[in-house]
Protein chains: 2
Amino acid sequence: MKVAVLGCGSVGSQVVRLLLEQADDLEARTGARVELAGVAVRRIDAPRDVDVPPGLLTTDAAGLVARDDVDLVVEVIGGIEPARALILSALEHGKSVVTANKALLAEDGPTLFEAADKNERDLYYEAAVAGAIPILRPLRESLAGDRVTRVLGIVNGTTNFILDKMDSSGAGFNEALEEAQELGYAEADPTADVEGFDAAAKAAILASLAFHTRVTAADVHREGISEVTAADVASARDMDSVVKLLAIAELRDDAVAVRVHPAMIPRSHPLASVREAYNAVFVESEAAGQLMFYGPGAGGAPTASAVLGDLVTVARNRLAGTRGAGESAYADRRLLPMGETVTRYHVAIDVDDRAGVLAAVATAFADHGVSIQTVRQEGRGADAQLVVVSHAATDAQLSATVAALREMDIVREVTSVMRVEGGEE
Amino acid sequence: MKVAVLGCGSVGSQVVRLLLEQADDLEARTGARVELAGVAVRRIDAPRDVDVPPGLLTTDAAGLVARDDVDLVVEVIGGIEPARALILSALEHGKSVVTANKALLAEDGPTLFEAADKNERDLYYEAAVAGAIPILRPLRESLAGDRVTRVLGIVNGTTNFILDKMDSSGAGFNEALEEAQELGYAEADPTADVEGFDAAAKAAILASLAFHTRVTAADVHREGISEVTAADVASARDMDSVVKLLAIAELRDDAVAVRVHPAMIPRSHPLASVREAYNAVFVESEAAGQLMFYGPGAGGAPTASAVLGDLVTVARNRLAGTRGAGESAYADRRLLPMGETVTRYHVAIDVDDRAGVLAAVATAFADHGVSIQTVRQEGRGADAQLVVVSHAATDAQLSATVAALREMDIVREVTSVMRVEGGEE
């Protein structure tokens with residue numbers, strides 16, 4: 001069983017290392033010797049973390065995936081091109097493919113799945129979501145006889161590190177981001193993480209699998225954490241809650257709602273205890289109830305572990321002359337627009353300190369059909385503030401309420417608006 | 001695809017319900033209509049939680065598993081016989097089998113696996129460990145390219161409920177057990193749970209999969225929680241730790257150590273936050289790092305979810321004319337006797353309040369080659385107590401130390417001995 005590895009960065013070098021070091025175990029577990037056929041890189045002489053055996057490095061990725069002696073292709077280049085073209089070529093040349101490429105899968109998964117189907121080859125991608133955490137296989141297989149109703153994920157380590165730091169130290173966003181950058185948890189340009197693009201790609205993949213419906217990154221409502229303030233985090237703490245960036249995919253009247261945004265969740269929720277750069281995916285299903293999968297969501301070795309797990313399955317399938325389940329999009333459910341999505345809001349409002357303020361604010365909520373769960377009055381005089389937590393309502397109703405509040409004379413400023421998840425509606 | 005269900009108790013009735021209710025989804029996910037062929041029960045007219053379609057109930061389980069039109073057999077009777085004979089007969093008659101029977105697998109798994117191999121049929125058993133939590137499939141497949149080094153599991157809901165209650169309320173064991181019985185979390189005869197037999201069976205199954213080595217329940221060192229006192233739990237709290245009944249399987253010098261016993265773990269450990277009757281399995285592996293799988297470990301519907309997940313995989317395999325990976329015992333590692341197992345002890349000792357006591361106790365540890373991590377002196381006069389936490393040593397060294405302490409004049413009583421897990425050695 002000959003394996004071509006495309007890319008030899010932090011993940012690729014660990015894939016190569018494991019392939020070489022665990023060769024005997026891999027042979028015992030797959031039933032065939034798994035050999036490295038070649039490693040495609042941009043520059044042969046670039047420094048890397050693994051000693052690739054001489055003669056195996058090549059800059060001709062297109063040639064490598066087409067080589068007759070290659071059975072399996074591992075794509076860990078990332079990005080859209082040339083990854084897409086190489087995966088499609090590999091499938092067309094009859095190779096089975098394992099990829100960790102969340103961006104590509106979330107943008108154009110169906111093209112890849114159709115190519116895999118047409119060529120009757122496997123396309124596995126456990127490593128694309130939440131690194132080492134086995135979450136796609138449980139969704140595809142373990143829960144295949146159940147009905148998943150909701151997936152709540154902390155699927156981006158950078159933002160979890162920042163929010164955890166803000167919670168534990170009271171730091172503001174910029175300060176926490178700087179610390180994350182110093183420690184290597186955030187990149188110099190943190191946009192993809194901080195603005196939720198990375199999490200949105202993973203949300204699309206999770207939603208597709210959980211609900212047997214095609215969902216792309218463009219379908220995901222996305223808000224990042226750069227607007228989250230120390231005051232928001234403190235306000236969450238007052239409610240015995242914590243702010244997390246959540247990737248949420250849920251069934252609502254048989255439609256699928258998918259979104260990424262910061263939200264307050266109760267500290268008693270299993271996701272609240274996910275610290276630092278760890279990831280976790282919380283799954284609710286009809287029969288199984290509540291499950292959580294926790295672990296490192298990124299990093300070379302953890303991601304390589306997920307790639308190798310797929311590689312063993314794909315190799316076994318190939319030896320048995322079969323393939324795993326392909327794309328499952330049979331349910332083809334409607335995607336719910338964000339405005340129809342049902343959620344709860346936490347709203348903090350600086351108000352004039354005079355009689356009737358609470359009644360006026362409550363009326364604004366009621367006028368938009370939003371029921372109030374709790375309201376707390378804080379401060380006096382110039383510091384007078386109302387903190388309102390609503391019951392569940394559509395996002396359209398809730399955002400219209402906030403817009404109306406902003407127009408009211410007695411409202412000096414709406415200082416914080418954040419969704420509330422993980423509790424009772 | 002015709003399914004025979006053996007047993008219609010709390011799990012079986014949920015399996016039948018899901019098979020009937022989710023028939024369309026199951027068809028879409030497997031590629032064939034999955035139909036209920038029959039349900040074997042002891043008494044046709046017993047009350048049950050599901051309306052089994054007329055004519056499908058039978059008391060002739062042996063006849064049902066041999067019927068030509070049956071493709072798949074689900075065994076949810078439990079216990080050793082007749083479950084074993086029925087599973088073996090089903091395999092010999094060419095059926096694929098899904099079972100939730102941990103006791104049978106832990107006692108005599110190899111006989112079943114060999115029968116599956118010989119007859120080239122699938123034998124799946126995700127539901128046998130930790131109910132709905134997908135843990136066997138991740139170990140078998142997702143981590144197949146990695147090297148698992150340790151599995152720490154809270155795999156018995158009854159004991160976790162009792163210990164959690166003791167921790168949160170300060171109750172003693174008997175009081176907490178009574179509450180568990182009143183709430184239905186413990187049986188009238190709680191021996192199998194409380195004395196660790198149930199957890200030991202699951203530990204054997206987890207160890208076999210994690211380390212590719214045959215392990216049976218008889219190989220598992222087992223201690224239950226009936227000796228755990230309110231004082232032990234309070235002592236753990238003083239160390240910012242919590243007492244949990246752990247199923248532990250670990251590699252040590254390429255040998256496998258498997259045991260079940262109560263242990264103190266730090267409150268910062270992910271397993272510490274597993275409350276009430278929930279289960280969780282914490283896995284450490286070389287490349288993936290630390291993973292945790294959390295969810296309901298028992299109950300009819302959660303267990304049925306795991307059974308149905310296996311059923312979909314087994315049905316897909318059968319349609320594709322293939323089978324999943326069978327038993328993997330190639331590594332055939334040595335099993336480490338408990339005396340050679342490396343662990344840490346927490347020891348509380350009532351001592352005479354006089355000079356030199358600490359030195360004498362420290363000497364007893366040193367004489368047995370055990371290094372002390374921390375020692376705390378508490379109380380004065382008749383209440384004088386030493387609390388010692390050791391560094392890692394073999395269980396033989398540690399138990400010899402405790403025996404020696406008991407012989408010392410200055411030691412009035414060794415009041416608590418408990419292992420410490422989940423931290424640095």
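We number each residue from 1, going along the chain as drawn.
Glycine too: its Cβ is placed from the backbone N, Cα and C atoms.
Taken from TrEMBL, the feature NADP(+) binding site applies to A:Leu6, A:Gly7, A:Cys8, A:Gly9, A:Ser10, A:Val11, A:Gly12, A:Ser13. Positions annotated as NADPH binding site by TrEMBL: A:Lys102. Positions annotated as L-homoserine binding site by TrEMBL: A:Glu187. Among the features that TrEMBL reports, active site, proton donor is placed at A:Lys202. The domain 'ACT' annotation in TrEMBL covers A:346-419.
Across the residues of the domain 'ACT' (A:346-419), the predicted structure has a mean pLDDT of 94.
In the structure as shown, the Cβ atom of A:Gly9 (NADP(+) binding site) sits within 10 Å of 16 other Cβ atoms. In sequence order, A:Ala40, A:Val41, A:Glu75, A:Val76, A:Ile77, A:Gly78 make up the list of same-chain residues 6 or more apart from A:Gly7 (NADP(+) binding site) whose Cβ falls under 8 Å from its Cβ. Of the listed recorded positions A:Lys102, A:Lys202, the Cβ environment within 10 Å is emptiest of other Cβ atoms at A:Lys102. Around A:Leu6 (NADP(+) binding site), the same-chain residues six or more apart in sequence whose CB sits under 8 Å from its CB are A:Gly12, A:Val39, A:Ala40, A:Ala61, A:Leu64, A:Val65, A:Val73, A:Val74, A:Glu75, A:Val76, A:Ile77, A:Ala83, A:Leu86, listed in sequence order. The C-beta environment of A:Cys8 (NADP(+) binding site), restricted to residues of the same chain at least 6 apart in sequence and closer than 8 Å, consists of A:Val16, A:Val39, A:Ala40, A:Val41, A:Arg48, A:Val50, A:Val52, A:Leu57.
Same-chain residues that are not part of A:Leu6, A:Gly7, A:Cys8, A:Gly9, A:Ser10, A:Val11, A:Gly12, A:Ser13 yet have a Cβ within 8 Å of the Cβ center of the NADP(+) site turn out to be A:Val5, A:Gln14, A:Val15, A:Val16, A:Val76, A:Ile77, A:Gly300. Long-range Cβ neighbours of A:Ser10 (NADP(+) binding site) (same chain, at least 6 residues apart, Cβ-Cβ under 8 Å): A:Asp49, A:Gly299, A:Gly300, A:Thr303.
Measuring Cα to Cα from A:Lys102 (NADPH binding site), none of the binding-site residues A:Gly9, A:Val11, A:Ser13, A:Glu187 fall within 10 Å. Every protein chain shown contributes to the tally, and the Cβ of the residue listed as 'L-homoserine binding site' ends up with 13 other Cβ atoms within 10 Å.
The Cβ neighbour count for A:Val11 (NADP(+) binding site), using a 10 Å radius and every protein chain shown, is 26. Between A:Ser13 (NADP(+) binding site) and the residue listed as 'L-homoserine binding site', the C-alpha separation comes to 20 Å.
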